Amino acid sequence: MNAIKKINEINYKELENNISDSASWHADFKDSSYIFIGFLPQELKEDDVIKIFSQYGIPTHINLVKDKETGKPRGFCYLKYEDYRSCILAVDNLNGVQIFNKRIKVDHVHYYLKEGQNEDDFLINYSEAEKEFAKLEDKSQTKERRMLPPIESNNSDDEFQDPMEKFNKDSSQQERDRPSMSTYEDPDDEFRDPMEGFLGKKSPSSKHKKHKDKHRSTSGKEGEQMPSKKQKRDY
């Protein structure tokens, strides 16, 4: 962890003081296109490391050091870029980055092959890497296709249909299904006096009263027109 902080502090000071590329500490490794990558999680494979570090250039060689007995990665590797300047970018940007539960160390290195080793033994076979990338892309696309619901269509010409056609059909159907006003009312009701219903209802008491008044009026008239037999007129 102290080594990671030290590299970041050096980079920060150079940026703060606007140090030129020729005077930078990176220039001390301009004859080496290798970087050292430490504190790698054991879950990472060579292809994983290549994908991560290909952000800043084209890796050409990788030596992921493994335990001779178990064959498991020991947590560090050496990676070579096609261009030395990619090493600078990787050190400046990926040193101290957290991968899973670990912060990795990325530093320049003068890499030397051990006796019996050949650099071509660590040459990256991009044909194999491309196959792995294609498998991963195919899996991701398959997952996306499964997530999308199928689109059903009863008419291949749906895209050319009037969007208001269905609405107009529904409205016409509702008009046909709606009962006519004649079902409830007389068509001549609009010409009737709205108070007719109220005034037309006569209570029995008012009818009886009118009958009495009529009887009294008739009796009075008869008395005037027909004098009694007992009365005699004098001429």
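Counting begins at 1 with the first residue displayed.
Glycine too: its Cβ is placed from the backbone N, Cα and C atoms.
Under the heading domain 'RRM', TrEMBL lists 33-111.
Annotation source TrEMBL lists compositional bias 'Basic and acidic residues' at 135-147 (among others).
Per TrEMBL, the feature region 'Disordered' maps to 135-235.
TrEMBL lists 163-179 (among others) with the feature compositional bias 'Basic and acidic residues'.
Among the features that TrEMBL reports, compositional bias 'Basic residues' is placed at 204-218.
Shown for the domain 'RRM' (33-111): DSSP residue counts in helix, strand and coil, namely 22 helix, 30 strand, 27 coil.
Per-residue confidence over the domain 'RRM' (33-111) averages out at a pLDDT of 96.
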